[in-house]
Amino acid sequence: MIFFPTPEKSINQLPPKTLEKSPKTPKSAKKSKSSSNRSEKISNLEPIQPKSPALSEKRKRNGGVESENVAKTRARAQNVPKKRVYYKKIKYDESEFAVGDDVYVKRRENASSDEEDPEVEECKMCFRGGKAVMIECDDCLGGFHLKCLKPPLKEVPEGDWMCVFCEAKKSGKEVELPKPPKGKKRVRTLKEKLLTSDLWAARIESIWKEVDGTFWFRAHWYMIPEETEAGRQPHNLRRELYRTNDFADVEMESVFRHCYVFSPKEYAKAQNEGDDVFFCEYEYDIRWHSFKRLAEINDLEEDLEYESEEDMDFEEEIERKKSSGPSSQELAANSRKGRIFGLQKIGTKSIPQHVRCHKQTGLERAKQTLLLATLPKSLPCRNKEMEEISAFIKGAICDDQCLGRCLYIHGVPGTGKTMSVLAVMRSLKSELESGSIKPYSFIEINGLKLATAENIYRVIYEALSGHRVSWKKALHFLNERFSEGKQVGKGQNKPCILLIDELDLLVTRNQSVLYNILDWPTRPNSKLIVIGIANTMDLPEKLLPRISSRMGIHRLCFGPYTFQQLQEIIMSRLKGIDAFDKQAVEFASRKVAAISGDARRALEICRRAAEITDYRIKNQATPADTASAEEARVGMAEVEAAIQEMFQAPHIQVIRSSCRLGKIFLAAMVQELYKTGMAETTFEKLAFTVSCFCTSNGEQFPGCDVLLRVGCKLGECRIILCEQGSRHRLQKLQLNFPSDDVTFALKDCQEIPWLAKYL
């Protein structure tokens, strides 16, 4: 075996992971004859250590007799254990593997089919390979000889091609595939095994030799769409893979050979790269089951601070080879000893328009920028509130004593409360980098992400110290930190800004969690600034006096947006995109401002209107109309259709068609939400509110039993969510849809006109 070691590094120069113990060799790598022979060959090739000339002359003068100190030093050096040796490139089993290569990896131990690796895929008609040109079906990826087709083809056609079996399946006919001759077993290629989950594909991140002489590599796994949580979707290509965020240490013995995973642009240009060519555009998070485009992910190698000069020289060598021009040897993934066989039409499948990388139209850019997850460049219409928040924080952290303060921010949903605070923190971060304000630490917590209210102690302590402990220990350490001023973590002397979104979710039966958090800023050595955000205006008045007194007098109200403000928010997002008529944006803004003033609802309506317009244009038959897609604009009709979809959805129709008592039931739930600010309420409180409604408006209260049956019917329709368990008066209830939808459905109810005053 030939290997190319990188220059030796000292232990201090290696990354922390390389100082760990060597991983145990798996069962598949235990003392097989082949692996032992390889290790013997590799161990014989020890690097030659040059002798120092001065030392050689000294040994000649001393007659070859070593001193006692030199002998002791050499004996100690022999007892030092060996360490890993890392390589950029090795030659293993007559194949050359380098860092960054994509390879097939065994998935099962002792599988007999793994020994099958045909040089070329067999024809699905004659079940033979050979050197004859084959064509691949773009749907099933099956290979066919041109002469075996009926009628036979003389040359590979341009564009997409589908076999007769796939065409018959799409037309709804029953298809019987040809069977191999008797005594012949169909042999699958590695590509087919990978796409049927019998193999793995991985990218080599690093290669090293262990102390026992075996070669290992760090595998960055790929995954086929069928193995994801969502499964294969209609837009997935047959050769598409997802890169995951999962890594593992694998022995080189498990590697079959190379495969090639291309980016969208490289895959579209591929022509004769062989059969082992795949396409990858997204990264898949195996924990959260989410996708992210690879083009948006920064390369990790650019962020490595411990990159050595040897690594830089290696990358410069690669760039020099790329710039020197293409290699004279023709590349082929499905090749043996320079002979190229098999499929000649690989990778020529065109990437579908409007799905893959292409120049986006104005409507597509509008849809992307109107997404709620898209962070806007600026936050209009909240300049006054942001100035107050900034002045409050600066006054707290710039104070020499920094005794700690509390700020309570309230307002209806969708009015930019959290976004405004985060925008202020981004501006303060730039001032911190310039040195105009004192250093501080910032912790952001959302109450919806906490399993229990007590878990907030764990989150705060982990953010300050970097250690994860139980919430009881975290509470003990935080009391020492904020009450007694003891050190916790590295930033113990910095002021701490704690942002708690959905503050009302921390309300417990004895309200101890809120008491502790709001009591810490009052301590002399706390240096803690608490900013709480909730939807309820009078939340402090509903808490115990000892808690409301500690919340302080600093309050900030975010009122609902007017239609002018909503129009300005939408136009700021669409800046530079000429895709909407001004009247259409104004119509959507007025409609939302009349109901709730929720900016998120206005953005969703405009985004849906852009989707309707884009879908209509792409489904037009004539090419001339399709060519005018760049000039398409969203008008009043599309906005009206989006509003009808949003406010006349099936659940709104169910609310409108519910019984008289069901409407009163839902109105009471909305009233409880407005009154307490809590999404959940109990059946006992709801029954009391319904009783008050009926008494005040001359209605007869039907009783708790009838009201419970009405609630069960609404729960069956999934209008409300009920706590699991027995039906009793403390059972928790919650709306399954926004309260704005209930308000929109019942505010013009002619059957019960008095409901409007409660909505």
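Just so it is clear, glycine is given a Cβ too, placed from its N, Cα and C backbone atoms.
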Feature region 'Disordered' in TrEMBL, mapped to one of the ranges 225-251, 306-332: 306-332
Residues in the domain 'PHD-type' (120-169) grouped by DSSP into helix, strand and remaining coil: 9 helix, 6 strand, 35 coil
DSSP-assigned states of the domain 'BAH' (179-295) in counts, ordered helix, strand, coil: 20 helix, 53 strand, 44 coil
Stretch-averaged pLDDT - the domain 'BAH' (179-295): 85
